[in-house]
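*Asks:* One structure coming up, written as structure tokens, with questions to follow.
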Amino acid sequence: MRMRKKPWARPELESCNFFIVNPKENKGKWKESFNNENPIYLELGCGKGVFVAVHGSNNENINYIAIDIKDEVLGLAKRNIEKAYKEKNKELNNIKLMAQEIGLINEMLDENDKISRIYINFCNPWPKKKHKKRRLTHTRQLTQYRNFLKENGEIWFKTDDDELFEESLEYFKEGKFRIEYITYDLHTSGFEGNVQTEHERMFTEQGIKTKFLIAIKED
């Protein structure tokens with residue numbers, strides 16, 4: 001189902017002090033943008049922002065870059081992030097929100113940004129063979145991520161899709177990533193520190209298991 005147009009979204013985003021209108025201008029300078037040397041985590045496809053809002057408000061010593069493509073969803077993410085910080089009475093200074101096509105992620109990040117962790121949560125599985133190169137875990141994308149992931153940087157990947165998960169294991173191997181942790185049922189695995197996304201809650205209620213892995217960049 002397509003999200004309805006939200007005429008308020010773009011003006012509200014542009015007046016928001018943590019929304020980056022032109023992320024390309026910060027390429028290689030994201031630590032300067034945050035004005036500190038804290039680790040930077042990147043969420044690809046942040047949706048309505050629930051995941052990054054929880055992470056950011058719970059981890060003030062980590063910086064977060066949250067990316068999606070549509071103003072409508074980013075507008076909701078902006079509001080959810082603000083709400084989470086307000087409820088905890090915390091200052092919002094460790095999240096940057098922006099619109100960016102993930103296939104062109106190298107236009108806004110490079111090796112000087114030294115991203116410590118990437119989150120990929122319930123991305124489009126692109127099941128048709130002709131579309132598989134669009135997957136966010138495809139080897140073509142992993143090659144881009146390697147450019148700005150620091151040494152031993154991590155990718156945390158969650159999905160409900162069995163085929164995507166199995167084929168992603170091969171992508172990570174081809175892309176020179178080591179699988180550090182894997183489970184085919186995250187919610188019964190005993191793994192600590194999981195933050196559920198909107199999709200994750202929905203799938204869990206439907207009895208669909210969440211597959212999860214942590215991949216480490218190898219030289």
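Glycine is no exception: its Cβ is also placed from the backbone N, Cα and C atoms.
Under the heading S-adenosyl-L-methionine binding site, Swiss-Prot lists Glu43, Asp68, Glu101, Asn124, citing sequence analysis as support. Summarising the annotation, Swiss-Prot assigns substrate binding site to Lys128, Asp160 and lists sequence analysis as the type of evidence.
Let's see these features in context: how buried, what's close, how far.
*Replies:* On its own chain, Asp68 (S-adenosyl-L-methionine binding site) has Gly45, Cys46, Gly47, Leu74, Ala77, Ala99 as residues at least 6 apart in sequence with a Cβ closer than 8 Å to its own Cβ.
Neighbour density for Lys128 (substrate binding site): within 10 A of its CB lie 8 other CB atoms from the protein chains shown. Lys128 (substrate binding site) falls outside any helix or strand according to DSSP and counts as coil.
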*Asks:* Could you tell me which of these binding-site residues, Glu43, Glu101, Asp160, has the greatest number of Cβ atoms within 10 Å of its own Cβ?
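*Replies:* That would be Glu43, with the most Cβ atoms nearby.
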*Asks:* Specify all same-chain residues, apart from the site residues Glu43, Asp68, Glu101, Asn124, whose Cβ lies within 8 angstroms of the center of the Cβ atoms of the S-adenosyl-L-methionine site, ordered by sequence.
*Replies:* Leu44, Gly45, Cys46, Ile67, Ile69, Gln100, Ile102, Cys123, Leu136
*Asks:* Applying a 10 Å Cβ distance cut-off over all chains shown, what neighbour count does Asn124 (S-adenosyl-L-methionine binding site) have?
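*Replies:* By my count, 12.
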*Asks:* Given the S-adenosyl-L-methionine binding site residues Glu43, Asp68, Glu101, Asn124 in the record, what is the largest Cα to Cα distance, rounded to whole Å?
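*Replies:* Across Glu43, Asp68, Glu101, Asn124, the two farthest Cα atoms sit 14 Å apart.
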